[in-house]
Every structure is written in structure tokens, then in C-alpha cells.
């Protein structure tokens, strides 16, 4: 029997959640491939992608889970929150209802995720300034109330997209991994589980291909 070699040092499962149509899939496409699709169809169930970062000569593999926002898929998508240690909870700044539903998404994530986690609240579609229904202050206050980071992004013009993901991972690394040992139960499509041991970590230095900023609660 041939044993598979694990080609990374750390594994980090992050889910992207929020109402249908807020731009979750395009945020991931912009972050992963620097692509944006006009008229992109809504996600059905769950889509999965990976991204590997090289940090201080260590490979960090991100599992990025794009979940459907429609109510009919809730029973499917919630099962994929298991083992997640990070979430981007996304709303559309031009859609008040998507903001009003944040409490629901936050509750579902906290009920199913790993006991230690980090959350980034993302007000997406910041390019739709003339149609804004949710102020930046409202987003910031919601994030502070629930102990989350906050940022506004535009998948269309790529504004703050990379920063949103990187700041979340930075928070997770320093707050959950640094000088701490954790075992993460990673659910691989519900088929099998693998325990990834996260050992003692030193302060990280990203190579020139990646930029990590200190966690922030607001941005322009």
C-alpha cells in the first residue's frame, strides 16, 4: 500500500456563508483566480476550492468552502461547517435583507464550527455606492457587537478582497495557532476524517507573493 504524502504543514478550513446573491462565489473567484463572472449562477449545495500559501518556509493549505445561500440547501450546507475554524459572513451593502439575516448565519456557523474560530464580516458590492442600503457604520457596529472583524469589498473591482481573506487568516494564525497545539477534525466531503495537528508556531513572515495585514475592524 502506498501512503499519500501530506504536501502542507497546516490545514485551515474556511467557509463563506451568507444569503444567495451577495457575491460569495465571485469573492472566492477573485481571491483564487483574480476572475469575476457577470451573471454567475447561484451555488447549488457546496463548492470547494483550495489555496496554498507559503509562509516562513511553511505551506499553509486553505480549504475554501462556498456554500449556497438558499433556504432549501440549509440542511446540506450546515454539515460542511463542521471543523471550520474560519468564516467569511457576507452581505450585500445594497440589500438590507441580506444584512438583516446575518444573525441567522452567525448562529448556524457557531453551532457547527470548531470550538475555536475567527470570523470576518464582509460587506460586499461596495462598488454599488449609489444603491447602498447598509451604512459602513452599521456593518462596523454589528461586527464589534459580535466580536468579528469587518471590511467592505467589491468582487467586481477587486477592492479589499485579498485583504479580507488575508486578515481573517492572520487572525486565525496568531490567535488560534501561535504557541498552541490544536487538533482539527477536517470533514472531507463527508467521506472520511483526517486529524491535522497544528503545533507550536512562530511569528510568520509572508514571502513577497502574499501580503498579510494586522486584523482590522474597519476599512475604506
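Cβ coordinates come from backbone N, Cα and C, glycine included.
Computed from a predicted structure; not experimentally measured.
On its own chain, residue 126 (GTP binding site) has 93, 152, 153, 154, 159, 160 as residues at least 6 apart in sequence with a Cβ closer than 8 Å to its own Cβ. According to Swiss-Prot, the GTP binding site annotation covers 18-25, 66-70, 124-127, on the basis of similarity to another entry.
Per Swiss-Prot, the feature motif 'Effector region' maps to 40-48.
The annotation S-geranylgeranyl cysteine is assigned in Swiss-Prot to 219 (among others).
If you look up Swiss-Prot, you'll see 220 (among others) marked as S-geranylgeranyl cysteine, on the strength of similarity to another entry.
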For the motif 'Effector region' (40-48), mean pLDDT (0 to 100): 55
